[in-house]
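See below for the structure under consideration.
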Amino acid sequence: MRVVSGIQPTGKPHLGNYLGAIRNYVKLQDEAHDAGGDCLIFLADLHAISMPHQPAELHASTLEMVATLVACGLDPARSVLFNQAQVAAHAELQWLLMGTARMGWLNRMTQWKDKAGKNREGQSVALFGYPVLQAADVLLYQATHVPVGEDQKQHLELARDIAQKFNSDFAAEDAPVFTLPDPFIPEDAARIMSLRDGSKKMSKSDASDMSRINLTDDADTMAQKVKKAKTDPEPLPSEPAGLAGRPEALNLVSIYAALDETTPEAVLAEHGGQGFGQFKPVLAERLVSVLEPIRDRFVELRDDREALDAILARGAARAREMGRPTLDSAYRALGLVRG
Ligand code: TYM
């Protein structure tokens, strides 16, 4: 079992990142540890430069993201925690895979289409090639489980396509260079939506801070955001079918269910018939009870820059070791001479 996943260190991590991905990093870290496998979680700082960015901000938010991940339960002694920029093999393997990835495949990526909008000509080449780096991230380590939210599913399917084509073009059938990775997507929290608009996903890049719960928000801010969350005037139904056509209500019920690790059915069995005036304070209370301990640990860890740097340096050294055999095989398979 080899668990691999990444998170961009841009902006503040939010509830969607936590319920959709980070919580599963921690679960799989423990499963991998018990099964004698490995868990590698990295900060996708190389991905972060595909969009305009402020270098000083990227530097600071990379260290803050390490503190957040540790606060969420990632244990640097059990997981390999690092940033891409310290492991050159990610960028090297991306280049090796560029010969295999097809323009048509990348053109179909919905994230590329959404981020580029009508201005494709004005985008960086890195934004277009972004999914190839993501493929390199997981293929480098022969990942078997990749915990992600729903929005990354298409990128992982592309990683499988790239691996399959590379293996069939350059490797013997009984000795593939790459393992085909499987996405590990939670059932209920795969897509947490904005608190201001139930049709948009909760996102670090949304201009409105009221659209998301940041893992670093204090209890009052969280409660305030839940109170102000967009809803409709109807009370909650007693069954999930009654949430059809009510995206904001569905989102709040899904968040509650995910926080409690239960199902929307169970939440509605208990809270059906309540108006949002009654439901929101209970939701806010749940949210605070899950996230406040994380925030407290984050506050303790964030200022110890030396300790955070040391975690990344140690993780990177291990990741370099773990990625070397696959990188060497990829060079060899392509016929490249390296002395
Ligand atoms: P990023 O940084 O946008 O998000 C990190 C993780 O959080 C999940 N996520 C969500 N889940 C549920 N609801 C939401 N509203 C929500 N928003 C984000 C994402 O699905 C992701 O799992 N390209 C990736 C980073 C990456 C990566 C990789 C991931 C780079 N290389 C290799 C896996 C494997 C990204 O930008 O995620």
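Cβ from N, Cα, C; glycine included.
According to TrEMBL, the features are:
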- GLN8, PRO9, THR10, GLY16, ASN17, GLY149, GLU150, ASP151, ILE192, LYS201, MET202, SER203, LYS204, SER205: ATP binding site (BINDING)
- 9-17: motif ''HIGH' region' (MOTIF)
- ASP137: L-tryptophan binding site (BINDING)
- 201-205: motif ''KMSKS' region' (MOTIF)
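Residue pairs drawn from GLN8, PRO9, THR10, GLY16, ASN17, GLY149, GLU150, ASP151, ILE192, LYS201, MET202, SER203, LYS204, SER205, the listed ATP binders, are separated by up to 19 Å at the Cα level. With a CB cut-off of under 6 A applied against ligand 1, the binding-site residues THR10, MET202, LYS204 are reduced to MET202.
Residue counts of the motif ''KMSKS' region' (201-205) by helix, strand and coil are 0 helix, 1 strand, 4 coil (DSSP-based).
Under DSSP, the residues of the motif ''HIGH' region' (9-17) split into helix, strand and coil as follows: 3 helix, 1 strand, 5 coil. If you measure from the Cα atom of ILE192 (ATP binding site) to that of ASP137 (L-tryptophan binding site), you get 25 Å.
Each residue contributes its Cα atom, and for GLU150 (ATP binding site) and ASP137 (L-tryptophan binding site) these two points are 18 Å apart. Under the three-state DSSP scheme, GLN8 (ATP binding site) falls in the coil class.
Cβ neighbours of MET202 (ATP binding site) (same chain, under 8 Å, six or more residues apart in sequence): HIS14, LEU15, GLY16, ILE192, MET193, SER194, LEU195, SER211, ARG212, ILE213. Taking the Cβ of THR10 (ATP binding site) as reference, residues of its chain lying under 8 Å away and at least six apart in sequence are, in sequence order, ALA48, MET51, HIS53, LEU58, SER61, LYS204, SER205.
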